[in-house]
């Protein structure tokens, strides 16, 4: 197992954190009443959270995906998520209107209403990835499949379709957000796992073309509306 630190990932995380700060500054300070019309806000929000999910998936490629890994993910993601709910409950004065149990229940039902919703959604991504990876290992070992990349892609596609099917009928507990962000988590894991293939097909020309395409298309993107084409 290669434990060497990838400085590119550290840089990506740093940029993503800075973008979160800038994005929230635009949303709550500089353009409170019209932030969805702010071009800088739209560009940042079009990719900064998918980038976090992608990085998390990428960092899972060299880990032992077992129950200990899942437990550690629970401790590092769900515990801070719940702690933030409790802290906010007392600081905001919500205790004057509702019980702590009711507050936690309300946010668990609709995590998007909580400030640290992404921690909960990231844990859901980790849980689905854990199940998908276990299925991958069982199929690969049972049938002695050698083409690992295609098997993983098929299983991840199946998991994505399944969770989106569930989300179309069941919106609670952050399933809807998870159905969107799981794609980026899976993509990050695949890029990290199959680095040689990634380096082979990802050229500078393709990178520049992708960036230009993203820059143009995001101009028409709005987070609260369906795509116009």
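Backbone N, Cα and C atoms are what each Cβ position is placed from, and that goes for glycine too.
Predicted automatically and left uncurated, TrEMBL annotations should be read as such.
What TrEMBL records for 8-220 is domain 'Acyltransferase 3'.
Using a Cβ-Cβ cut-off under 8 Å and counting only residues 6 or more beyond its ends in the same chain, the transmembrane segment (12-31) has close neighbours at 37-38, 40-41, 44-45, 48, 51-52, 55. If you look up TrEMBL, you'll see 12-31 (among others) marked as transmembrane segment.
What TrEMBL lists as transmembrane segment is 43-61 (among others).
Summarising the annotation, TrEMBL assigns transmembrane segment to 73-91 (among others). Here the transmembrane segment (73-91) has Cβ contacts under 8 Å with residues 100, 103-104, 107, 111, 114-117, 119-120, 122-123, 126-127 of the same chain, all six or more residues outside its ends.
Taken from TrEMBL, the feature transmembrane segment applies to 117-137 (among others).
If you look up TrEMBL, you'll see 173-194 (among others) marked as transmembrane segment. Within the chain carrying the transmembrane segment (173-194), a Cβ under 8 angstroms from the stretch's Cβ atoms is held by residues 49-51, 53-62, 108-112, 117, 120-122, 124-126, 128-129, 132, 149, 152-153, 156, 159-160, 163-164, 166-167, all 6 or more beyond its ends.
Residues or ranges marked as transmembrane segment in TrEMBL: 206-222 (among others).
Counting only same-chain residues 6+ beyond the ends of the transmembrane segment (117-137), those with a CB under 8 A from a CB of the stretch are 49, 52-53, 56-57, 60, 65, 69-70, 73-74, 77-78, 80-81, 84, 108, 111, 151-152, 155-156, 159, 163, 173-175, 177-178, 181-182, 185-186, 189.
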